[in-house]
Amino acid sequence: MTNWTEIDEIAKKWVREAGSRIKQSMQENLTIETKSNPNDLVTNIDKETERFFIDCIQQTFPGHRILGEEGQGDKLHSLDGVVWIIDPIDGTMNFVHQQRHFAISIGIFENGKGKIGLIYDVMQDELYHAFSGEGAYMNDTALPSLREVPIEEAIIAVNATWVTENRRIDPGILAPLVKRVRGTRSYGSAALELASVAAGRIDAYITMRLAPWDYAAGCILLNEVGGIYTTVEGEHFTFLDNHSVLAGNPAIHKIIFNDYLHADK
Ligand code: IPD
Ligand code: CA
Ligand code: CA
């Protein structure tokens, strides 16, 4: 039988160790490459951090499977068994340009069900963690269930790239929404944005295209605090595909979905 307490403890230990390695590596010169476009960055540290997790997992839990952003894990077509979904550095652009506001993000699933979510803000030394059914925490502080917030008092995180990239939802709907809410933010790390929704620091996050390693851990945190997440079309996540993400506290998710994204229906 899978010993989830052991997995939880060791995963947290590895995440903190990987964070220390990343901090140390910041004294050295980075090798920076680009991936899908000139602004899609990857460094030697992204790859080395993913390798670190893969080596640890394969040695300790040889039956577990791994979906990692940098492609050094397994090629997965299902979430059968125990699967680790890993983004070794979420917010690589922040890592390269700002040396802060980036995170290690790990979601661990059993037959498609999220069991453990870990998002480690390395420079703040803040580990957001959740264990299915046992709540979510930031370090030792429990994250309370999300409370209802009037839309006029909501802060929403929006990835501005949707204005240029999105073809299915009219970007024009953004203006009245931005006008109505109290404020907007864009942190440049989907994992930290989702952790911030779970912590109640922002009330919703909308973005048009994320990969499973960007959102897996955040969704496990959200499950524990009563957060809701769907695609902008209202579909459930498979945790294997890239798609849009609308995550938030239930009241704000509902208003953004009904009154803005789908007001014409
Ligand atoms: C990116 C960040 C960013 C989001 C991008 C992601 P990366 O992840 O989460 O905030 O807008 O869609 O790809 O490339 O830094 O791991
Ligand atoms: Ca990412
Ligand atoms: Ca990454």
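Note that Cβ sites are derived from N, Cα and C of the backbone, with glycine treated the same way.
According to TrEMBL, the features are:
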type    : residues                    : note
BINDING : Glu69, Asp87, Ile89, Asp214 : Mg(2+) 1 binding site
BINDING : Asp90                       : Mg(2+) 2 binding site
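Under the three-state DSSP scheme, Ile89 (Mg(2+) 1 binding site) falls in the strand class. For the residue listed as 'Mg(2+) 2 binding site', applying a Cβ distance below 8 Å and a minimum sequence separation of six or more within one chain yields Phe102, Ala103, Ile104, Ser105, Ile119, Ser189, Ala190, Ala191, Leu192, Trp213, Asp214. If you take the C-beta of Glu69 (Mg(2+) 1 binding site) and look for same-chain residues 6 or more apart in sequence within under 8 angstroms, you find Asp46, Glu50, Ile86, Asp87, Pro88, Ala211, Trp213. Checked against ligand 2, the binding-site residues Asp87, Ile89, Asp90, Asp214 give Asp87, Asp90, Asp214 as the ones with a Cβ under 6 Å from it, listed in sequence order.
Taking each of the binding-site residues Asp87, Asp214 in turn and counting other Cβ atoms within 10 Å of its Cβ gives the largest count for Asp87. Those residues of the chain, other than Glu69, Asp87, Ile89, Asp214, with a C-beta within 8 angstroms of the mean position of the Mg(2+) 1 site C-beta atoms are Asp46, Ile86, Pro88, Asp90, Thr92, Ser105, Ala191, Ala211, Trp213. In this structure, Asp214 (Mg(2+) 1 binding site) is part of a helix by DSSP.
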